[in-house]
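Reviewing the structure listed below.
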There are 2 protein chains.
Amino acid sequence: MEELVGLREGSSGSPVSLRELWGPYPRVRRGIRGGLEWLKQKLFRVGEDWYFLMTLGVLMALISYTMNFTIGRVVRAHKWLYREIGDSHLLRYLSWTVYPVALVSFSSGFSQSITPFSGGSGIPELKTILSGVVLEDYLDVKNFGAKVAGLTCTLATGSTIFLGKVGPFVHLSVMIAAYLGRVHTKATGESENKNKQNEMLVAAAAVGVATVFAAPFSGVLFSIEVMSSHFSVWDYWRGFFAATCGAFMFRLLAVFNSEQETITSLYKTSFRVDVPFDLPEIFFFVALGAICGILSCAYLFCQRTFLGFVKTNRVISKLLATSKPLYSALAALVLASITYPPGVGRFLASRLSMKEHLDSLFDNHSWALMTRNSSPPWPEELDPQNLWFEWYHPRFTIFGTLAFFLVMKFWMLILATTIPIPAGYFMPIFIFGAAIGRLIGEALALAFPEGIVAGGVTNPIMPGGYALAGAAAFSGAVTHTISTALLAFELTGQIVHALPVLMAVLAANAVAQSCQPSFYDGTIIVKKLPYLPWIRGRKISSQRVIVGHFMNCTITTLAKDTPLEEVARVVTSTDLAKYFLVESTESQILVGTVGRAHLMQALQAEPPSWAPGHRRLRDLLAGGCPTEPVTLQLSPETSLHQAHNLFELLKLQSLPVTSLGRAVGSVSWVELKKAISNLTNPPAPK
Amino acid sequence: MEELVGLREGSSGSPVSLRELWGPYPRVRRGIRGGLEWLKQKLFRVGEDWYFLMTLGVLMALISYTMNFTIGRVVRAHKWLYREIGDSHLLRYLSWTVYPVALVSFSSGFSQSITPFSGGSGIPELKTILSGVVLEDYLDVKNFGAKVAGLTCTLATGSTIFLGKVGPFVHLSVMIAAYLGRVHTKATGESENKNKQNEMLVAAAAVGVATVFAAPFSGVLFSIEVMSSHFSVWDYWRGFFAATCGAFMFRLLAVFNSEQETITSLYKTSFRVDVPFDLPEIFFFVALGAICGILSCAYLFCQRTFLGFVKTNRVISKLLATSKPLYSALAALVLASITYPPGVGRFLASRLSMKEHLDSLFDNHSWALMTRNSSPPWPEELDPQNLWFEWYHPRFTIFGTLAFFLVMKFWMLILATTIPIPAGYFMPIFIFGAAIGRLIGEALALAFPEGIVAGGVTNPIMPGGYALAGAAAFSGAVTHTISTALLAFELTGQIVHALPVLMAVLAANAVAQSCQPSFYDGTIIVKKLPYLPWIRGRKISSQRVIVGHFMNCTITTLAKDTPLEEVARVVTSTDLAKYFLVESTESQILVGTVGRAHLMQALQAEPPSWAPGHRRLRDLLAGGCPTEPVTLQLSPETSLHQAHNLFELLKLQSLPVTSLGRAVGSVSWVELKKAISNLTNPPAPK
């Protein structure tokens with residue numbers, strides 16, 4: 001009997017049938033079962049989070065793929081309609097324009113009617129959230145449907161409206177992560193934890209980028225660069241895991257759907273591998289980077305100015321406030337009319353989809369050299385084998401069309417960003433950069449038709465490489481990131497231009513970062529979202545600024561011996577969320593904080609018969625009004641850098657400052673911002 | 001006259017000649033001059049640091065290239081000697097073994113005689129330094145010569161001793177950065193700043209990796225993952241800039257020296273691009289990753305155990321203490337004898353250099369399929385066109401040699417890591433992983449000679465892809481990093497295996513990280529360097545641990561009213577570096593800290609005539625004994641996670657804990673370590 005009991009325990013509580021006991025090799029089997037049990041425990045222990053991250057990746061991949069699939073169908077229907085409608089110019093024009101106008105106004109109306117948060121890219125808001133600010137409802141799952149439906153419509157307009165999907169996907173991914181986190185919390189009964197939530201959101205942002213581009217490396221790095229100023233290696237690993245799951249699933253679906261034979265990159269290129277570029281071309285790549293940087297500054301400036309203009313102009317702002325769909329429809333009409341292929345669109349390669357834009361710009365032949373002696377006619381129909389014919393015009397040549405494309409898309413893009421629909425702004429910028437690079441690359445190919453290093457085997461210049469560098473540099477400069485270089489390699493599946501592209505991106509960033517805030521920071525500024533600026537320059541002098549110089553000294557403290565009348569007066573006359581609680585009016589020793597809501601509640605619960613001056617705050621606290629301990633405090637000698645680091649890393653909103661235990665001030669984002677701006681622009685002496 | 005003065009000021013102080021004044025378009029020229037002035041200022045303002053980073057990159061590239069060049073010459077001389085010495089086996093054996101034995105014993109003797117810090121890779125020590133510990137003299141520039149000379153000798157032994165150069169290069173780079181930093185400080189007269197120094201060191205670590213592999217992306221990421229647990233995007237950008245300069249310069253030198261036609265990657269591969277792998281192969285890649293993970297655990301365990309054995313074994317430790325060159329020579333003799341090509345080395349492909357090892361393992365043909373029907377003879381001389389012949393043996397086939405290589409190199413590598421010479425341990429691990437991958441890849445190629453997905457065009461399995469994945473996975477598992485995947489792509493110049501390699505690396509890391517500390521952490525543990533462990537698991541329960549639970553409550557405080565006799569007694573009876581200074585014995589309100597050295601000095605300067613009990617600490621402080629303010633303090637309610645984050649991010653050693661302003665305890669690495677280890681292994685109830 002004892003042995004049986006032992007056995008039962010050994011097999012971890014499951015009843016042991018006699019057959020099992022008498023089967024061959026009971027010991028071996030027990031051992032195996034124990035091993036499996038151990039493995040199960042081990043996996044489950046590591047598990048939890050990993051399962052969660054995998055689910056997130058797979059879900060986002062499914063959404064991304066389904067959306068692409070739907071969009072593909074809608075676009076195909078539009079193309080069919082446009083092709084079959086006959087030769088009447090009016091009908092063709094209508095079929096070209098009505099479609100996007102209808103889609104955009106539906107997208108705008110539908111998403112805005114459900115929630116105002118679904119518009120735009122979402123990355124600026126997420127950046128704010130990840131820095132510790134609570135934006136109510138922004139991650140609510142009810143935004144989800146609005147964003148998905150709206151984004152699908154936006155993307156279905158194709159290259160007419162010319163918008164992308166990265167930003168909204170990051171938003172969607174973070175929404176799902178927040179939702180899954182809440183489900184998880186409810187299921188396990190654990191209390192909510194802000195740190196853990198934040199970790200999830202960071203990983204989710206990486207998943208969002210990775211499932212759009214099927215690029216796990218740059219997904220993680222791009223989301224880090226855009227979202228935060230500090231990151232932990234732990235988060236980075238989790239991001240990689242989730243992003244890999246997402247990217248793998250996304251590409252797997254393409255294989256299952258017979259679009260691809262195996263898992264490959266999205267915009268496969270076929271650049272020459274042996275000598276992808278001659279050494280002196282490095283200079284041109286760096287110059288291209290600098291040009292992209294300068295153009296990005298112009299773009300950022302115009303974009304921010306126009307966004308401000310839209311907000312302040314009476315007519316437009318009224319239109320936007322009262323009927324967003326109308327504004328969207330008007331803007332879409334303008335954009336669609338310009339891209340009408342038999343009209344101006346002829347010079348904008350507007351029959352190409354956005355994917356085809358990139359595919360054609362990354363083409364490894366030089367169009368300028370190919371059309372030097374022969375001029376192909378403009379094909380009536382799109383030729384899928386020779387997409388680049390779309391860029392060619394017998395009279396203006398490809399230089400004319402590329403330059404025209406750049407000039408027109410510059411303001412069209414800015415116009416498109418003001419339409420209140422869910423849309424990403426990264427992809428158009430990436431394509432714009434590719435066109436800049438292509439233009440310069442073609443010019444170089446024409447200038448040096450035999451390649452730059454003469455003698456022996458000549459290596460003609462590949463303008464596609466410049467397009468790649470231009471795309472990475474311009475998008476990197478606009479978003480102030482470097483990982484776009486890596487993105488360019490992951491998207492094309494070739495890394496032969498590693499150094500020149502990286503150098504172009506660095507040059508572009510050097511120019512852009514010293515002149516303009518990034519696209520996302522600019523939006524944060526225009527939208528007046530709270531943000532904590534960087535300490536730029538890192539000059540030695542900035543190391544000497546200490547908290548005592550800039551803290552807010554006028555703080556409201558409540559002492560334990562404050563009479564209740566006084567407490568009531570303070571609570572009603574100020575609207576802080578929290579008050580510093582000090583030991584006594586005299587000592588001012590900081591004890592903790594007490595929430596205004598709790599105080600109000602406790603005050604209201606007091607019996608109305610108390611004699612004035614009799615009861616004190618101490619009695620209220622003893623009666624159950626909760627206080628919070630101070631876990632971290634600055635002292636007036638803490639340096640600005642240290643305080644800034646603390647706020648950024650620990651996602652803080654404000655901290656008390658104590659000296660010898662006495663509460664002497666507080667520091668919040670407001671004071672930090674002021675101190676940082678004083679570093680670069682010292683205040684005028686009074 | 002007034003106008004002239006104005007002009008003079010306008011042209012920024014330079015005297016204005018009359019000719020200039022009367023020249024054409026003075027305004028335009030003044031404008032241009034102003035613009036140039038502005039540009040100069042702008043560049044100089046951003047400058048400083050950028051110039052510094054560029055210098056660092058270029059210097060390291062020069063050193064790396066020169067070292068490679070020298071090593072190439074020495075190796076060529078050795079090969080020549082071995083080839084020309086005749087057919088006598090004894091002479092050949094001697095010529096094969098004496099060379100590495102002499103080089104290694106010189107390397108060991110020379111570097112150790114100059115400084116004991118020059119041995120090993122240096123990364124564990126740097127990790128400790130970057131986490132805030134001061135290791136005296138470790139970054140002193142006098143180590144530089146020893147490390148460079150020693151490393152050159154080590155690497156000149158080639159694949160006999162089988163060691164790499166990454167670790168020492170990171171060390172060298174950091175040394176140069178520290179030196180340049182000191183020069184800069186002296187030149188500008190600015191005070192030293194710890195933050196700024198740290199920023200430089202982080203960037204320098206990236207440069208070290210980047211100049212060895214000409215891989216800026218993975219250089220930055222690898223150094224981040226290995227060195228720190230938190231990272232600021234600012235440092236990451238600077239790292240990219242410096243690493244790009246280094247990598248560019250390094251490859252540029254190769255082009256200038258006519259080794260290459262243009263800038264390309266180091267270990268160029270030519271994998272099939274269209275369908276690099278069939279979809280089901282993903283499973284094999286993940287399985288390969290898991291196998292690499294398990295093997296890495298075995299390797300890490302054996303390596304750590306053997307290192308411990310060497311340290312504790314009486315005979316060996318005595319030998320190591322008294323005559324390091326002898327130990328090195330003995331170990332080198334063993335390794336060289338085994339690799340003697342006509343002997344056992346025949347099965348170890350020992351005639352290949354380390355670069356050729358990688359080149360051959362990444363070969364895009366399947367050796368198993370090529371030798372299925374024909375068996376090439378073992379060539380008397382190395383055939384540069386068919387390096388892989390070295391891996392083939394008519395009787396044992398390539399499977400025998402690869403398996404033998406793995407078994408032998410496993411312990412040979414462990415033995416090599418104990419030799420006290422400057423050497424890197426990353427490259428051998430990378431090659432070892434490539435061999436694992438090749439073995440499994442060849443087995444798969446033989447098992448599925450037609451490729452896995454039958455029908456239509458068959459895509460035979462490329463074992464080279466598995467070698468790539470194996471290299472990335474094994475080296476990633478041993479070092480606990482993911483960026484080795486990216487390194488594999490940057491080294492080979494192809495990114496077609498992006499997803500499978502990344503998945504293999506993730507699988508390997510999942511296994512390795514849950515079982516063993518990383519190679520560098522293991523070395524830190526064996527060498528008993530101070531370190532701060534991670535909080536693993538991140539369970540919710542760990543969020544509830546607060547500082548009050550684990551702080552050190554027995555602190556020594558000095559009150560301002562302490563009599564000087566008492567101060568003298570405390571200072572002589574304890575050996576803390578700093579004491580907490582409190583307002584009074586009664587209140588215990590924390591005021592700041594006072595250094596022991598300063599106290600000692602001040603006490604010695606006191607006139608010997610003071611009456612006991614008369615003078616107090618207050619008088620000493622008033623007399624000029626310096627105190628330091630407390631810039632940051634914890635409270636007993638701070639959570640373990642928050643405290644851990646603070647320590648990691650701000651590179652702290654210890655913090656005081658105050659409650660209501662009173663000093664109640666302190667937290668240092670010791671307490672944090674104990675608290676973290678209690679999280680995973682709760683202390684037994686007493």
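Every residue, even glycine, has its Cβ placed from backbone N, Cα and C.
Annotated features in TrEMBL:
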type	residues	note
TRANSMEM	A:50-69	transmembrane segment
TRANSMEM	A:90-110	transmembrane segment
TRANSMEM	A:161-180	transmembrane segment
TRANSMEM	A:201-224	transmembrane segment
TRANSMEM	A:236-256	transmembrane segment
TRANSMEM	A:277-301	transmembrane segment
TRANSMEM	A:326-349	transmembrane segment
TRANSMEM	A:396-419	transmembrane segment
TRANSMEM	A:425-446	transmembrane segment
TRANSMEM	A:466-489	transmembrane segment
DOMAIN	A:551-609	domain 'CBS'
Sequence-remote partners of the transmembrane segment (A:50-69) [C-beta within less than 8 Å, at least six residues beyond its ends]: 148, 151-152, 155, 165, 169, 172-173, 176-177, 180-181, 184, 200, 203-204, 207-208, 210-212, 238, 241-250, 252-254, 257
Number of helical, extended and coil residues in the domain 'CBS' (A:551-609), per DSSP: 20 helix, 17 strand, 22 coil
Top partner of the transmembrane segment (A:201-224) among A:236-256, A:425-446, A:466-489 - counted as Cβ pairs under 8 Å: A:236-256
Ranked first among A:90-110, A:236-256, A:425-446 for CB pairs under 8 angstroms with the transmembrane segment (A:161-180): A:425-446
Mean predicted confidence [pLDDT] for the domain 'CBS' (A:551-609): 84
Contacting positions for the transmembrane segment (A:90-110) when only residues 6+ beyond its ends and CB under 8 Å are counted: 78, 81-82, 119, 146, 149-151, 153-154, 156-158, 160-161, 324-329, 331-333, 335-337, 339-343, 419-422
Chain residues outside the transmembrane segment (A:326-349) and at least six past its termini with a C-beta under 8 angstroms from it: 89, 92-93, 96-97, 99-101, 103-105, 107-109, 157, 159-162, 316, 319-320, 357, 360, 378, 390-391, 393, 396, 400-401, 404-405, 408-409, 412, 415-416, 418-421
